[in-house]
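For reference, the structure is listed below as C-alpha cells.
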Amino acid sequence: MTETVSTMTQARPAGLHLGRLFERIALLVVWVGLIAIFGALMPQSFLNWGNFSIIFASYAPAALLALAIIVPLTAGDYDLSVGATLTLSSALIGVLNVWHHLPIGLVLVLALAAGAVVGAVNALFIIFFRIPSLVVTLGTTSLMTGIVQWMTNSSTIGGIDNALVMAVVGGRLFGVPYAFYYAAAAVVVLGYVFDYTPLGRRLLFVGRGREVARLNGIAVDRVRFGALIASGVLAAAAGIVYAGVLGSADPYSGLNFLLPAFAAAFLGATTILPGRFNPWGAVVAVYFLATGITGLTMLGIPLWVTNVFNGGALILAVTISQLTRGREASDIG
C-alpha cells in the first residue's frame, strides 16, 4: 500500500511536468503544423526561403508593436494608442525628411522622442487623473490619427532617405532582412529586463496587485509611468522600421497592426512562460499569426478572412490567457 502511494506521488509531478512542458511549447508545435499544412498545399510557393524572408521582415513592425503592448500590460495598463503612435512616427519621418529635408538621423531621434511624449501624455491622464487606460489611449489614438492626416494631407509620402531603407531591408543576414533582427534584438533586451532585473520583477508585482506592491515599498505610479513611456518609444521604433520597410510614410495602414499585435500579446501569454505576458511568447505569436495570414492569402482566400482570423485569434488568446492565469493562481493558492 505504501509503495503504491509512493509511486502515485512520484507519477503526478512527472505528469504535471510534462503537461507544463507541452503548454510551454504548444504554440510552437501548432506553428510547425501550420507550416506543414500550407507547405503540403503549396510546396513550391510557400516552402521557399524567399517567402519566409518576406514574412520575417514585413511583420517586424508588428513584433515591435506587440512588445510595446506587453510592457504596460504587465503593469496592468492597456495601451490602445500604439498603432497610432507607429503611424505618427512614420509620418514624422516622411514629413521631416522628405518635405523639410532634415537629416535622417535627426529625424529618427525626433520620431522616438515623439513616442516618448505620447507615452508621457497617456501616463499623465491615466495615473494622475485616474482615468481608465482604455479610455485615455482610445482618445489619444483618435487625436493622433487626426494629427497625422493633417500633417500628411492624408497622402502617402514617398522618397524617404535610402539610408533608412537600406538599414532596414537592404542588408541581409542569412537571407533575412535586418528588420527582423531589430525586432529580435528588442525581444532579447526586453526578455532580459523582464526575467533578470529588479525592474522586471517590479512590473510583474505591480500588475499582479498594485496595493500589495505599494505596501511592499514599490513606487507603483513611477513603474506604470515608465512602462507607458517605454510603450510609446517601442511603438515609435516600430514606426521607424515600418517606414524603412515601405520606403514611404502611409497615414493609414499602420493602424492595421493594432489588432494582430494585441492578439499576439495575449496569445504569447499562453506559451513559453504561460500565464505571463512575455516577449518570447509575443514574438512567436506574431509570426504564428503572420504564417496563417500569409498562407490563407496565398491560397486566394478573400481579404475579409484576415480580419476574421485576427479577431478570432484575439478572442481565443484572451480566453486561454485568462484560463491559464486563473489556473496558476489556484495552483499558488
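Cβ coordinates come from backbone N, Cα and C, glycine included.
Keep in mind that TrEMBL annotations are predicted by a computer and have not been checked by a curator.
Residues annotated as transmembrane segment in TrEMBL: 21-42, 54-73, 80-99, 105-127, 134-152, 172-194, 225-245, 257-275, 282-305.
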Per the 3+ Cβ pairs under 8 Å rule, pairs at least 6 apart in sequence, do the transmembrane segment (134-152) and the transmembrane segment (80-99) touch?
yes
Most Cβ pairs under 8 Å with the transmembrane segment (80-99), selected from 21-42, 105-127, 257-275, 282-305:
105-127
Excluding the flanking five residues on each side, which residues at least 6 beyond the ends of the transmembrane segment (54-73) place their CB within less than 8 Å of a CB in that stretch?
79, 82-83, 85-86, 133, 169, 176-177, 179-180, 182-183, 186-187, 190, 203, 207, 224, 227-228, 230-232, 234-235, 237-239, 241-242, 245, 254, 257-258, 260-262, 264-265, 268, 277-279, 282-283, 285-287, 290-291, 294
Can you find at least 3 Cβ pairs under 8 Å between the transmembrane segment (225-245) and the transmembrane segment (105-127), where each pair is 6 or more residues apart in sequence?
yes
Among the ranges 21-42, 105-127, 172-194, the one whose Cβ pairs under 8 Å to the transmembrane segment (257-275) are most numerous:
21-42
Give residue numbers and ranges for long-range contacts of the transmembrane segment (105-127): same chain, 6 or more residues beyond its ends, CB-CB under 8 A.
77, 79, 81, 85, 88-90, 92-93, 96-97, 133, 136-137, 140, 144, 164, 221, 224-225, 228-237, 239-240
